[in-house]
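Q: The annotation 5-methyltetrahydropteroyltri-L-glutamate binding site is assigned in Swiss-Prot to 17, 18, 19, 20, 117, 526, 527, 572, 616 on the grounds of sequence analysis. Per Swiss-Prot, L-homocysteine binding site is recorded for 442, 443, 444, 495, 610. As annotated by Swiss-Prot, L-methionine binding site applies to 442, 443, 444, 495, 610. Swiss-Prot lists 653, 655, 677, 738 with the feature Zn(2+) binding site, giving sequence analysis as the kind of evidence. What Swiss-Prot lists as active site, proton donor is 706.
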């Protein structure tokens, strides 16, 4: 019996980030919208052919997006807030970009939709927003156009959409924020999906994939009935001849599997990486509907290590004990891994053979399915299976005994800072002499073409290290002078020497590997190139001390030392799979601790340890939060800073996340000051800070740096006022949402000037 193969989705940015380059050229006025459309078409065609040639049977379509798949779904359902409609753009792409980035120009001035992390990944989605004008209906033809585009090439695809349950659970109300999901809304949304199924049936589609990752979360009152209501109304549209694959990922659906089974979906996608044990038990206990094919998600779409074929085969065989209808699939979309290992030959074959990026994962899916066709004797004789097993026999790296000994010697006292925070705050106010509502930035300043060009010249050997260092010193001189000129209270050196907040540190730590082109989409056109944790981690030498010391010598104002924290380095790297995340984080924490103490010795009085990604990997089910994550992630941060003097002020920063539910754990990090990325979330974190009697001083971001908009002084004053209404004035800091690296100077300096003016005005009112 032939075993079908499937993937949930494929990276959309292109092997060389062609999509990013085309869209950004359009935004800068250097390309037309037709150029962007043509680039998109070329990428889709290239990827479909690649997937077909790799032997994938159920090839996805509509997994492509110019910005974000949730945003595309909102547009498809006509969930377009009135403020964007009023802009009156002639083409849907401009409206979509305004929703994603905001708009400031002759047509008006509107903020962007909120942006949040996509479950536990580093991908960000735009939050669909319902307002009083919303009329849910089918809008546009994107999914159908892309299906027909593939069909014209002779490629049959499986259209992919975000499912209605996930779409509604991740949406919000423009006014109340929490969306009221009443019967009328459920029916309207389900009817659109039913119409989509019928249209695809008329076009000849055999399968439609509905992604429902929200099913892996804890179920609250009304959740199961919502799922039932949606699918009871839309599934009869299958009668038109199309099959429906309910696809889940990022965890298990054990608590709703029995309900899912009753609907007799044509296919059910199960994550057998992150939800392995629970999903297997659910299938074994409840069985499988006769018409249902189980899509066994055995190829990891979230890490870059080679698949262990023997383990994957065992998982598929376990499902085959329950049903003969099994397909081999990716555990989630391959959106979250780089394009291909081709072009990374500098790593050497002995290293590279351990990695599989998106293209190689297509081959893994096909190869596992092929191996499943063999009998036991043929499997034992399979050279492919033997070659794969050789990757997992024995140890890949030699342990660093010095690092292991440091970890073994850690005691409880190493995780505790003295004295308590209240006493430290008093000492720090005396030492630093800052005003009420102190102003600062998160760390990075715009990296211009010139900065990137000089870094490239150094890499190519066209300039010496000394010439490059002199260039960086001039950049620091300039940014320090400008910060003083506009009146910021706590300064930063701008991070011009850093290509990336994680990769830069990895390049100065033992145990890391780096790629040339392994880019992954984070949001829109923003891409990241995570380093790879290959072996045990330790600090090779001081990393930031020289630049921070130089910057401090250029000003009498406090200069922040800027570091990336251990949990964020782990979460924004490709972590090892041969030792635990906890062990890797302790290694990183000790390395960054060494850097913190060296900065303090060099006279840096404020040290920021960014934990931008702390919330990102919080398990999706609350019962797992502490046991599987927070019980080691929070102490790891404390380990980094526990040995500094009481007068040294420790800052941290966190990016797009939901903080409300772990606000007490964040307080337990025992930082002195924390800045939150909050402006796109309407500062809802303020309620959590207030209700939890949050002790850490805090700076909820007062403007959104992911949008090119320049906020007015009045707008910023309003934001500050919202903070003051919920927080102790002595604990409020004023700062942007995030680092300014990706913005332009033309946006950055006016925005910061307005921020400082707003802070001074509010300060004067307090006096």
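Using N, Cα and C of the backbone, Cβ positions are placed for all residues, glycine too.
Provide an account of the burial state, proximal residues and distances for the features listed.
A: Residue 117 (5-methyltetrahydropteroyltri-L-glutamate binding site) falls within a strand when secondary structure is assigned with DSSP. For residue 117 (5-methyltetrahydropteroyltri-L-glutamate binding site), the Cβ neighbour count at a 10 Å cut-off comes to 21, with all displayed protein chains included.
Secondary structure at residue 610 (L-homocysteine binding site), taken from DSSP and collapsed to helix, strand or coil, is strand. Every protein chain considered, the tally of other Cβ atoms within 10 Å of the Cβ of residue 610 (L-homocysteine binding site) stands at 25.
Secondary structure from DSSP puts residue 444 (L-homocysteine binding site) in a beta strand. Taking a C-beta cut-off of under 8 angstroms and a sequence separation of 6 or more, residue 444 (L-homocysteine binding site) has the following same-chain neighbours: 492, 494, 495, 498, 501, 739, 740, 741.
Secondary structure at residue 738 (Zn(2+) binding site), taken from DSSP and collapsed to helix, strand or coil, is coil. Taking Cβ-Cβ distances under 8 Å and a sequence separation of 6 or more, the neighbours of residue 738 (Zn(2+) binding site) in its chain are 442, 612, 653, 655, 677, 701, 705, 706.
Taking all protein chains in view, 22 other C-beta atoms sit within 10 angstroms of the C-beta of residue 706 (active site, proton donor).
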Q: Go through 495, 616, 677, the listed binding-site residues, and name the one with the sparsest Cβ surroundings, counting other Cβ atoms within 10 Å.
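A: Minimum Cβ neighbour count within 10 Å, taken over the binding-site residues 495, 616, 677, occurs at 616.
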Q: Distance check, please: Cα of residue 443 (L-homocysteine binding site) against Cα of residue 117 (5-methyltetrahydropteroyltri-L-glutamate binding site), rounded to an integer number of angstrom.
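A: So the Cα of residue 117 (5-methyltetrahydropteroyltri-L-glutamate binding site) lies 21 Å away from that of residue 443 (L-homocysteine binding site).
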Q: Secondary structure at residue 527 (5-methyltetrahydropteroyltri-L-glutamate binding site) (DSSP, helix/strand/coil)?
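A: The three-state answer is strand.
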Q: For residue 19 (5-methyltetrahydropteroyltri-L-glutamate binding site), what is the tally of other C-beta atoms lying within 10 angstroms of its C-beta?
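A: Around residue 19 (5-methyltetrahydropteroyltri-L-glutamate binding site), other Cβ atoms within 10 Å: 25.
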Q: How big is the Cα-to-Cα gap, in Å, between residue 117 (5-methyltetrahydropteroyltri-L-glutamate binding site) and residue 610 (L-homocysteine binding site)?
A: 17
Q: Residues near the L-methionine site, 442, 443, 444, 495, 610 excluded, by Cβ within 8 Å of the Cβ center?
A: 441, 492, 501, 562, 608, 653, 739, 740, 741
Q: Can you tell which of 442, 527, 655 has the least company, meaning the fewest other C-beta atoms within 10 angstroms of its C-beta, among these binding-site residues?
A: 527
Q: What's the CA-CA gap between residue 527 (5-methyltetrahydropteroyltri-L-glutamate binding site) and residue 610 (L-homocysteine binding site) in angstrom, rounded?
A: 19
